[in-house]
Each structure stands twice: as structure tokens, then as C-alpha cells.
Amino acid sequence: SPPTLILRKIRACQVCYEEKLISMYREPLHQRCTHRECNICNDCVYNYVRQTLGTMLEEQVNCPELNCRAVLNFDSIKQILGNTRGKKLFERYDRFFTERALERMPDFVWCAHGCGSGQLAASGVQNNIISCIKCKMKTCFVHKTKWHEGLTCAQYDNQTAKTIRDSEKWLVQNTKKCPSCKSPIEKAAGCDHMTCRKCNYEFCWACLADFDRIRNHGNQYHHSRCKHYASPGE
């Protein structure tokens, strides 16, 4: 009798362009996906999620399929990464996802002393001083900072507001914005020929004039009220 032909369904991956068995493709990754079938193979989906989360952990990972911007939920990420090769990355993602969920709870507070511990503090509204269960140091529940010893929260607010006002006043008095990129620049000492560290624009500190024109054509290109100004011919 003639040999039996076994027809195997294959599909070309839109990322790696390899023809692979249908079994090498997942069903739509999320119920909100707008496509009926996946055209990116399991390996490429895994690599996409690994690269996305490996660069920077974030809660939202979009479906990689063309024209589908559905957000993959926790279970979808677990399905993609939760095997041997993606286990460590998934454990990091799981911890990150849990921490973000805790941070959205109004009674949760991280220790402000950097020990890495956090806790639910249902009494925080009545008692603003939270003692860390790990390092025993004190954190302010209201401000999420190290406890401001000797100051009530209202006094701390007033002190912080004054510090901000003083800082803003100092910036106005001691810094100027680069005329090109608008970055704040502080002049500690030296002459008035300035070079912006961010965009390399050269200008006069006193009048903000373009130093290229001053260099090429003379001091008449300072502002007329600038102490460095000199009329043509002087």
C-alpha cells in the first residue's frame, strides 16, 4: 500500500521568519488581544518579554503582535517566563509586581533607612512614628522619610517649605539659564566667558550674549549695558 502522508501545519514567524509547527505558537496571550492567532513564535515572544523586563522592570508589558497593544497581565507573564530558562527573571518580576501592589495600599510604608523592609501600618494615621520590624529605626508615616526627631509633622512641613524657598532664592541669585538649552548654570569663579556643559554653547555670563560673535567681531556684540561692551573702534 502507498505510504501515508502526514500533513503538519506550519506557520512563518513574523520576527525570526522561520517556519515552525503551529504547536510552537501560543494562543492569543491575553483575552484583550485583538488578533485571533499568534504570528510570533514562542521563542521570540519569550525573548521579547525577557529583553523588555531585563532592561527595566515594569508592570505593563504590551503584546508584541502587530497592531495589538493589549497589556499582558501577571498570569500571561508567568506563562511565558515561568519555566526553567526564565525562572530567575520571573522571580524578580514577581517580587517587583508584589512591591508595586503593596505601595498602592494606603497603610503600607517602606523603611526610610534603606534596610529594604516595608510593612503595613494600620495605626499610621493616629501614630506617625513607624518602627521598622527589621532594623527598628523610625520612619515618618506621613512623609515617608526618616523620623524628624524633635519636630511635629506640621513643623517639619514648615521647615521643608522654608528650605525649598531658600534654595529657589539661591538659584535665582547664583545661577543663570543657558541661552541655548535653558539648563541652569552656576558660576563659581573666573571670567565671564562661559561654556554650557550640556550643549557646549559659549556665552557671556554678564549679558548672555553669544560668545562666537564676540570672538569673531569684537566686544560691540555684548549687550550695550554689559560691563564688557565696547563700541566699534574702541
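Using the three backbone atoms N, Cα and C, a Cβ is placed for every residue, glycine included.
Marked as domain 'RING-type' by TrEMBL: 9-230 (among others). Within the model, the domain 'RING-type' (9-230) shows a mean pLDDT value of 90, rounded to a whole number.
Helix, strand and coil counts from DSSP across the domain 'RING-type' (13-64) read 17 helix, 5 strand, 30 coil. The feature domain 'RING-type' is assigned by TrEMBL to 13-64 (among others).
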